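What follows is one structure encoded as C-alpha cells, with my remarks underneath.
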Amino acid sequence: MVGCDKTYIRSPSAILKIGETVCIAVTFGLFRGIPLTFGDVNKTVVSVGTDADFFAGGVMVAALIISPLFFFLYLFKLANIQQTVLELAINFLFAAFLFICASVCMAFYHSANGYWAEKRSDGITMGIFCYVSAAFYTLDSLLACRNYCIIPNESSA
C-alpha cells in the first residue's frame, strides 16, 4: 500500500522542489508563450531556434519532468533517493545549467536591438526566473549534500 508522507510536505526539500517546479514552469511559459529566445549575441536577425534556445529548452523540460517526479517519489515513499549521490548530481547540474541559461539570456537582452529590444523586459524577466530557479537548485544541492554526507548513526543520536 502506498502511503503519503505528510511530514515531507513541510520539509525544506519539499518546499524547494515546489519552488523549483513553479519557477521553471514560469520560465518555460515565458519562453514558449510569448515566444522569447535565449538569443545569439552575434546575430541581429530575428531568429528563434538558436543553439541557446535548444539548450535552455532541453534543460527546462528535463527539470519540469525530474523535479515533480522526485517530489512525488518522496511524498509517496516510493524511493529513497535523498541519501544517494543521484539527487546531489542532478540538482548541481540543473543549478549550473540554469545559471548558464540565465546568464546567456541576460547578456542577449542587455544588448538586444531591433525586434528583440521590444521584448527586453519580458526577456529580462525570463532571465531573472532562470536565476531564481538556479538558486533553488543550488539550495537543494546543498541540502542533498548534507543528506548524503550524514552518516546514518549520526542522525539517530
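Numbers run from 1 along the shown chain.
Any Cβ shown, glycine's included, is placed from N, Cα and C.
Marked as domain 'MARVEL' by TrEMBL: 8-149. Counting residue by residue with DSSP, the domain 'MARVEL' (8-149) contains 109 helix, 0 strand, 33 coil.
The transmembrane segment annotation in TrEMBL covers 14-34 (among others).
The transmembrane segment feature in TrEMBL is assigned to 54-76 (among others).
The transmembrane segment annotation in TrEMBL covers 88-112 (among others).
Away from its own ends, the transmembrane segment (124-145) comes close to residues 12-13, 16-17, 19-20, 23-24, 26-27, 30-31, 36, 56, 63, 82, 87-88, 91-92, 94-96, 98-99, 101-103, 105-106, 109 of its chain (Cβ-Cβ under 8 Å, at least six residues beyond either end). Feature annotation from TrEMBL assigns transmembrane segment to 124-145 (among others).
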